[in-house]
Amino acid sequence: MKNIAIIGTGYVGLVTGVCLSEIGHHVTCVDIDQAKIETLQQGISPIYEPGLEELTKDNVQRGRLHFTTSYHQAFAEAEVIFIAVGTPQNPDGSANLTYVQQVSEQIGRHLTRRDTVIVTKSTVPVGTNRKVRDWIISQAPVDTRIHTVSNPEFLREGSAVQDTFQGDRIVIGTDSPFASILMEEVYSPFGLPIFSTDIESAELIKYASNAFLATKISFINEIANLCEKLGANVEDVAAGMGMDTRIGSQFLRAGIGYGGSCFPKDTKALVQLAGDVQHNFDLLESVIRVNHEQQRKLFTKAMEVLGSLQGKRIAMLGLAFKPNTDDMREAASLILIEELQKAGADIIAYDPIAMKKAQAILGDTIEYSQSVTECIQNADAAMIVTEWEDIKNTPLSTYVEQMKTPVILDGRNCYTIEEAAGYPVSYYSIGRPSSTT
Ligand SMILES: NC(=O)C1=CN([C@@H]2O[C@H](COP(=O)(O)OP(=O)(O)OC[C@H]3O[C@@H](n4cnc5c(N)ncnc54)[C@H](O)[C@@H]3O)[C@@H](O)[C@H]2O)C=CC1
Ligand SMILES: O=C(O)[C@H]1O[C@H](OP(=O)(O)OP(=O)(O)OC[C@H]2O[C@@H](n3ccc(=O)[nH]c3=O)[C@H](O)[C@@H]2O)[C@H](O)[C@@H](O)[C@@H]1O
């Protein structure tokens, strides 16, 4: 078993650290956010991620998992150091590598071993691992040997722990035989397929994967837009397409576009990366444009259905960018709220988990409620933004009972059109025929 340090205790760093300790490694997680580290030291997870807190507590108790703000403490015994800090987007869409550079220099200053393996898990543009190496060496004692590895992460928020234990593949890009052997030892207890390649290919696999998944989503959303005009049902179209194993049924759920901390930023970063080598990635630019429109879809529909939104009370059901996470980054709800407010609507929102994070962003510009029922009371329209279980399972009769006018704009196709037709509601969804009272 290895001594491992993980830098950054966000969605990726924390989940990776906890899961590596679960398979027996000795892991120290380091972060500059003192409040986060103190919370973790008490066995509390600062993020909502199913199963994570239990595993954290367990491994802290077993003495295999530690949290610190001290690089010195984290790196003292580390044979492998994972970089898992954020790579947010710059104003031009490119990836901001400030945090990666900062931690690389810190690694250099604190190295004590002769051979250390440095693994970049953060999503970084092709060429960054070479820079990481240079940044470390610029600060390191002369006789240290650095072995860099690109090891992109494919977990999804909301199922991050499960994805780590049951992922489809682990990608390892390195030109160091020493690192290659060590990484096999680190990951072999997971029993997952390992794909080995060069550093640049590994870096690109991450962007290509996210861009491809985003393309699938924008594609089905465009088909949904066509369905609405042609009278077809996108769910049947997607089901029929997905039965072809060459296409596959996953990521063909039409909706209100992709949000979250990665697809929006990674698609833009790949367009920039292509531009850097004088390549116009037209396809991906269209994917991004389609998503921009799709994230505003429920607003456009509300305008069509209600006419003026001035003084209208709109109930927003779900705020997180997807269910089972409290992450609000690039959530469609934020875009919709902005558009609705500009048009003069009043918003009352409900989310079972993300409300605290949403409140930190939106403050008192909107009202908050504690349940679906409370949220839709006296509303002129309800917008279903996130398909949480309690939102999906709300009987349509509740809308009829509680709302001023039972107008439902369902961005996640939570009800069948047959079901909706059985109630006195005006029901509008994505890529399917509407039913009006
Ligand atoms: N969130 C996700 O589902 C996935 C994210 N990724 C990629 O992984 C990377 C990390 O993403 P998240 O975990 O979502 O980020 P995050 O923003 O949740 O966490 C980043 C953490 O790094 C810490 N940090 C920043 N500078 C530091 C420093 N100098 N020293 C120590 N800690 C520092 C921050 O305090 C924060 O806790 C990004 O490149 C992202 O694109 C990849 C796959 C999935
Ligand atoms: O690089 C990353 O950060 C991660 O980005 C995504 O994971 P995540 O953003 O957590 O969530 P997804 O389940 O992929 O959903 C992303 C967005 O696409 C939307 N989506 C997803 C699937 C679908 O069929 N339709 C659809 O609209 C979701 O509602 C959500 O807004 C990828 O799925 C992960 O493999 C990757 O590691």
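Including glycine, each Cβ sits where the backbone N, Cα and C put it.
When K206, K357, K392 are compared with the substrate site residues F154, L155, R156, E157, F251, L252, R253, A254, G255, G259, K322 in TrEMBL, the one appearing in that site is K206. With D31, K36, T87, T123, E157, R329 listed by TrEMBL as binding NAD(+), the candidate from K216, K265, K268 annotated for that site turns out to be K265. For the recorded site, K206 (substrate binding site), the DSSP three-state label reads helix. Cα of A254 (substrate binding site) to Cα of D31 (NAD(+) binding site): a distance of 37 Å. Around L252 (substrate binding site), taking its Cβ as the centre, 20 other Cβ atoms fall within 10 Å, counting all chains. DSSP classifies E157 (NAD(+) binding site) as coil under the three-state reduction.
Across the structure, L252 (substrate binding site) and C262 (active site, nucleophile) are spaced 18 Å apart at their Cα atoms.
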